[in-house]
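What follows is one structure encoded as structure tokens, with my remarks underneath.
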């Protein structure tokens, strides 16, 4: 046990790192030490509380951020940190799909198609025909983006009234080509993970493994990512999310800011902790930023 572990944090960081059970929202802007807080929280759980690292899931948005988090936790507790699952949403989904992909129609050696692969498939499906919406011609990139948006928002084709019959056909053919090729695009990774977790026996296995869940940059989660995490956390109710309601950079990818704004509504008895000290910005910059965001919808603290 390392009782001095959390003494390196400021008061609010220490409060956030010490709060383990239940639903917790840590509001943390850039420069407030959120990564430090998350890593010390994980280390505290393992080192001082005795929580099994195998039961810890920490998810962020980039491979770089996940790598940094893993390395920092290892520095604090050693090789035992390798037993934690610290990854991006897509890496986590791929891990589950490699194990249980047959449940949603895929072999474990499925291929991941990138944007160029997607455009190639759409081009082959179109065979030279032009598609348009309201007189605006759709490019292959437009169609790929539309397909991804439908998947990531977990909507049916019927909910997209602007989609004409030809676009619906492209969507259906595109998905058939991928399935027949034992391939997924990046949106499929999330969608198929969600479908997988709809199966009670799979969900139970995942819930029993991951009893402590942390999500970084929660303001950037989309509907699909929210539902995946909500399903996994539903049994243990130990969900800690970190984010800044004033900073969302993935709106173009379907990020839903309401996920963070409605956290208290979605999770009963949620505790909110704000990391208020900023270690990067000057007072002048912070005052200017606060002036810009003061009229936006914010979470009461």
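Using N, Cα and C of the backbone, Cβ positions are placed for all residues, glycine too.
In TrEMBL this protein carries:
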type    : residues                       : note
BINDING : 28, 29, 30, 31, 32, 33, 34, 35 : ATP binding site
DOMAIN  : 7-282                          : domain 'UvrD-like helicase ATP-binding'
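Here the domain 'UvrD-like helicase ATP-binding' (7-282) returns a mean pLDDT of 91 for the predicted model. The sparsest Cβ neighbourhood within 10 Å, among the listed binding-site residues (29, 31, 33), is found at 31.
For residue 34 (ATP binding site), other Cβ atoms within 10 Å of its Cβ number 21. Ranking the binding-site residues 28, 30 by other CB atoms within 10 A of the CB puts 30 at the bottom. Secondary structure at residue 28 (ATP binding site), taken from DSSP and collapsed to helix, strand or coil, is strand. Summarising the environment of residue 35 (ATP binding site), the number of other Cβ atoms within 10 Å of its Cβ, over all protein chains shown, is 16.
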